[in-house]
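Student: Per TrEMBL, the features are:
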DOMAIN    89-207  domain 'PROP1-like PPR'
REPEAT    72-106  repeat 'PPR'
REPEAT    107-141  repeat 'PPR'
REPEAT    177-211  repeat 'PPR'
REPEAT    212-246  repeat 'PPR'
REPEAT    247-281  repeat 'PPR'
REPEAT    282-316  repeat 'PPR'
REPEAT    387-421  repeat 'PPR'
REPEAT    422-456  repeat 'PPR'
REPEAT    457-491  repeat 'PPR'
Amino acid sequence: MMSSSLLFHTFIDGFFPLRFPSHDSSCLLVHRRHFPPSSFPSNRHHIVPSAQSSPVFINSSNCTLLGDEEPSLEMYNRWIRDRCRAGDIDEAMALLSQMEAKGFIPSPLSYSCLMESLGALGRTSECELLFLEMSILGIRPPLRLFNVLLRGFLRKGQLGLSCRLLAVMDALGIHKNRESFEILLDYYVSAGRLDDTWSIINKMRRQGFELTSYVYSRVIGIYRDNGMWKKAIAIVRDIKEMGMLPDHHIYNAVIDSFGKHGELSEALEVFEKMKQEGVTPNVNTWNSLIRWHCKAGDLGMAVDLLTSMQVQGLCPGPKIFTTIISRLGEQGKWDLIRENFQYMKHRGHEDSGAIYAVLVDIYGQYGRFQDPKECICALKSEGLQPSTSIYCLLANAYAQQGLWEQTLKVLQLMEEDGIEPNLIMLNVLINAFGVAGKYLEALSIYHHMEEIGISADVVTYSTLMKAFIRARKFEKVPQIYKEMEAGGCTPDRKARQLLETALTVLEQKNG
């Protein structure tokens, strides 16, 4: 087992080599957001000054403080957990800052709730700091928090940090569970790393984890993505020989494999067989079939599938809805667009607001709303308050056309509504400038992200490289690629292809 002192240095030197100038724990809170008490929404907390001018919280859902009574450690911990469960992570972090200012140390459960909430939002930098604080305070992080950080790092392509995290787990004698392995499996499959995928599967076998249909579906997926779809289909036969009945994981992977390689009739045959064997198609099944029929240009079948899906009481994801509506829009079939949307709306789907946002997104693409403010007003007139995801959808509609002025306007409207721009929105803005050929502006957004403490991910770097390629600034691409690796992001297949394209052009120029 690792001593607490050695563990501390492992975290500082391994996780934060560039972030902290010393091992002084006073540096810990420098990069964490601190929210003043007045930032709490008045409909949830009322701040009442006491005779000593100390803030006192009244929370109708939890407890009430009267007069100059001070919140206790137990109250702070309970409020933090309640705010996390309610999805108000910024308020929870504000409470954390307040309680620490009073000399209170959060409970392990409060730390867990905070980290899990931050991890779900992709705010890994704040997760890292809380994780470090726990270690310095001698609180042993449970396995689920290691998994939270592991998932967050890998989502951003930070393989180097993930490897260090796994090394700390090994040093502490914390063994990976099925979730840990499946997080790694998802990353390697998405990155197209066949050898690493099989390495994880073999480790699972050696440690006695039974391979589930989910694991096999990921194997089918990586064969599909590497163009070996026939080998992917052969895995299904192996599964049956082992006595494992294919479920929706397996069927969905096979349908997607056929669809990606244009074997649509075979995909539909598997779809029918799936139903005959009593396996109910889920949203992913329908989404896959609709997506590949759209890509193949068979819009009639895609619409039929969409209709059948809705009859089953299912609603397609926003991306699929965007795909099919885009194709209908290209053909000028606006009546069919409205008909499908109205059907969804009248069916009372919970996601109807998001679907309408996507519809507005497409109207933006085809010129129905040249001014982003009109789009937002249209949403609000329907009684829908735009969320971060809706703003990102709308911004992306303009960005795809290189309409950077409209994309910037969406960002401004978002900020006017009190919503802070996130990594997704800034990536969209980089893309908008890139499509418009304004690579210097795209680069300025990247530098702005660094200044405000938002960590770039693989998408950021790839989008920036693509902007340089569009502007024929091929010599800049290797530099960005190096910065990506230096930042702890492991390049994915797309990033490697962009680098290869740039290097090929440079080689031809120099040759």
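Cβ from N, Cα, C; glycine included.
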Student: Do you know the DSSP helix, strand and coil residue counts for the domain 'PROP1-like PPR' (89-207)?
Tutor: 92 helix, 0 strand, 27 coil
Student: Find the member of 177-211, 282-316, 422-456, 457-491 that has more C-beta pairs under 8 Å to the repeat 'PPR' (107-141) than any other listed stretch.
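Tutor: Ranked by Cβ pairs under 8 Å, first place goes to 422-456.
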Student: Within the same chain, where does the repeat 'PPR' (457-491) have neighbours whose Cβ lies under 8 angstroms from its own Cβ atoms, ignoring anything closer than 6 residues to its ends? I mean 6 or more beyond.
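Tutor: Cβ under 8 Å, 6 or more out: 155-161, 191, 423, 426-427, 430-431, 433-435, 437, 439, 442-443, 446, 449, 498-499, 501-503, 505-506, 509.
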